[in-house]
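**Student:** One structure, pasted below without further comment.
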Amino acid sequence: MISQAYIAAAAGNIISFVTGTSLSWSSPILPKLNVTDVDDIPFGRQITAEENSWIGSLLSLGAVFGPFIYGYLADKIGRKFTLMSIGIPFLVAYLMLAFSEIVELYYVARIIIGVAIGGVFTVIPMYTGEIAEDSNRGALGSVMNVLLTFGLLFSYSVGAYAPMVAYNVILAVVPGAFMVLFFFVAPETPHYLVAKGDLDAASQCLRKLRGSDKIDDELDDIKTQIEQSKEGSITDLFKSKGLIKALIITLALVGFQQLSGINAVLFYAQIIFNASGGGIPSEVSSIIIGAVLFGTSFVTPLFVDKLGRKILFYFSAVGMIISEIPLGLYFYLKDDGSNVDDISWLPVVSLIVYIITYNCAFGPLPWAVMSELFPSNVKSTASSITSAFCWFISFLITKFFSQIVDGIGMGPSFWMFAGFCVLAFFFTLFVVIETKGKSFEEIQEILGS
């Protein structure tokens with residue numbers, strides 16, 4: 001029988017599916033806004049290169065602010081109702097994208113979507129971390145990546161061929177359905193209920209999640225955690241070396257996640273494949289990337305609680321290094337005028353290897369680790385800071401990726417990303433702690449809190 005915790009995590013992560021479609025939305029849509037037949041463009045003209053970069057990057061800028069809004073709401077109205085509320089901006093923004101006829105409304109919609117995405121990456125790890133047990137915390141935390149990558153695949157597959165209006169209307173329907181389903185299927189987290197003093201509701205919630213009446217020890221542990229960490233504020237994050245180390249770990253992990261180049265690949269996949277000049281149509285290449293992302297998203301839930309976090313991070317960093325170096329070499333040779341017809345397959349193969357290894361750890365695990373390292377009194381604050389930092393780095397990369405490519409070339413750009421993966425490997429080796437199967441108290445002891 002499937003655990004209620006898995007059902008709740010899956011229902012909650014429908015919003016992660018919407019997030020995935022949003023992250024890759026620009027890849028199939030931007031080429032449509034650049035076609036020569038302006039009758040097919042809602043603005044009646046091609047967009048400029050500057051407008052292209054803003055449409056691609058404003059999502060990340062909006063996501064910088066979302067964590068603080070939804071992190072605050074998570075503490076005030078609860079994890080469940082905060083997650084439900086995130087569906088509203090998604091719904092509104094996609095209706096705007098469906099029917100807008102001026103580019104400025106596209107800007108506004110992308111910012112609104114970004115704010116919602118910032119909320120997803122803040123509250124989903126918090127929610128799944130608080131309904132999970134020590135034995136399945138890594139797997140539940142990785143469900144987010146499964147649904148997110150399914151959204152990426154959906155966007156690459158449907159967005160490339162569906163009319164823009166119909167596609168955006170479809171994307172508006174999903175968050176509406178999510179809000180209804182999540183209301184009926186998912187409970188509030190026991191941590192939040194204990195923090196609010198509703199012990200009876202917390203007990204009922206735990207019984208429902210565990211499918212058992214033997215919840216007294218776990219409830220006592222939660223009460224102890226809450227009692228030891230009341231009335232937290234941002235200053236509490238810096239009151240112990242352990243929490244400072246936890247914050248450094250989470251900020252670095254999400255920073256390396258972005259600096260590996262993932263959002264440059266997701267946002268501009270078709271543009272990258274067009275630049276490669278390979279024989280495979282860019283739309284098909286993007287679908288292949290989306291399929292690999294989704295297919296490999298099941299790896300982490302299966303192995304993270306068996307092998308541990310660090311070994312997967314090692315594998316992920318090394319894999320990204322050995323995929324981005326030859327990818328950079330291909331573009332360097334092509335831009336240098338060399339004949340690359342015999343290796344036209346290399347960009348697709350390199351990106352497939354990159355996606356597989358990224359998706360094994362640096363994609364999903366920074367968020368799962370974040371949910372494990374902080375006590376309840378500072379968890380929402382730490383999540384907000386981490387998510388905001390992540391999306392600020394993402395904004396810089398997506399906004400200036402084209403300028404970086406123009407300045408140093410596509411090849412050196414991927415070598416730069418590979419260099420950050422080298423740093424990620426050594427940071428994991430010397431700084432990141434292993435949290436596999438450890439209780440919250442054990443994790444805090446390792447950190448030195």
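Even glycines carry a Cβ here, placed using N, Cα and C.
So TrEMBL has the following annotated:
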- 5-436: domain 'Major facilitator superfamily (MFS) profile' (DOMAIN)
- 7-25: transmembrane segment (TRANSMEM)
- 54-74: transmembrane segment (TRANSMEM)
- 81-99: transmembrane segment (TRANSMEM)
- 105-127: transmembrane segment (TRANSMEM)
- 139-159: transmembrane segment (TRANSMEM)
- 165-186: transmembrane segment (TRANSMEM)
- 246-272: transmembrane segment (TRANSMEM)
- 284-304: transmembrane segment (TRANSMEM)
- 311-333: transmembrane segment (TRANSMEM)
- 345-369: transmembrane segment (TRANSMEM)
- 381-402: transmembrane segment (TRANSMEM)
- 414-433: transmembrane segment (TRANSMEM)
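Thinking about packing and proximity, how do these listed features fit into the structure?
**Tutor:** Restricting the average to the domain 'Major facilitator superfamily (MFS) profile' (5-436) gives a pLDDT of 87.
Note on the transmembrane segment (7-25): residues 59, 83, 86-87, 90, 113, 116-117, 120-121, 124, 127-128, 131-132, 140, 143-156, 159, 171, 174-175, 177-178, 181-182, 185-187, 209, 263, 266-267, 269, 286, 290 of its chain, located 6 or more positions outside it, place their CB under 8 angstroms from a CB of the stretch.
Long-range Cβ contacts of the transmembrane segment (81-99) within its own chain (Cβ-Cβ under 8 Å, at least 6 residues beyond either end) map to 12, 15, 18, 22, 70, 73-74, 105-106, 108-110, 112-113, 115-116, 119-120, 123-124, 127, 164-165, 168-169, 171-172, 174-176, 178-179, 182-183, 186.
If one looks beyond the transmembrane segment (105-127) by at least 6 residues along the same chain, the residues whose Cβ comes under 8 Å of a Cβ in the stretch are 9, 12-13, 15-16, 19, 22-23, 54-55, 58-67, 69-71, 74, 79-80, 82-83, 86, 89-90, 92-94, 96-97, 141, 144, 189, 367-368, 370-371, 379-380, 383-384, 387-388, 390-391.
Residues 49, 52-54, 56-57, 59-61, 63-68, 70-72, 114, 117-118, 121-123, 125-126, 232-234, 236-237, 243, 246-247, 250-251, 254-255, 257-259, 261, 263-264, 267-268, 366, 370-371, 373-374, 413 of the same chain sit 6 or more residues outside the transmembrane segment (381-402) yet have a Cβ under 8 Å from a Cβ within it.
Packing against the transmembrane segment (414-433) from elsewhere in the chain are residues 245, 248-249, 252-253, 256, 259-261, 264, 309-310, 313-314, 317-318, 320-321, 324-325, 327-328, 331, 362, 369, 404, 408, 443, 446-447: each is 6 or more residues past its ends and has a CB under 8 Å from a CB in it.
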**Student:** Would you kindly check 139-159, 311-333, 345-369 and say which stretch has the most C-beta pairs under 8 angstroms to the transmembrane segment (165-186)?
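**Tutor:** Result: 139-159.
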**Student:** Which sequence-distant residues neighbour the transmembrane segment (139-159)? Criterion: at least 6 residues beyond either end, Cβ under 8 Å.
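**Tutor:** Result: 5-6, 9-10, 13-14, 16-25, 27-29, 124-125, 128-129, 131-132, 167, 170, 266, 269, 283, 286-287, 289-291, 293-294, 296-298, 300-302, 304-305, 359, 363-365, 367-368, 371-372.
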**Student:** Report, as numbers and ranges, which residues of the same chain sit near the transmembrane segment (311-333): CB under 8 Å and 6 or more residues beyond its ends.
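**Tutor:** Contacts with the transmembrane segment (311-333): 256, 260-261, 275-276, 300, 303-304, 340, 343, 346-347, 350-351, 353-354, 356-358, 360-363, 365, 409-415, 417-418, 421-422, 424-425, 428-429, 432.
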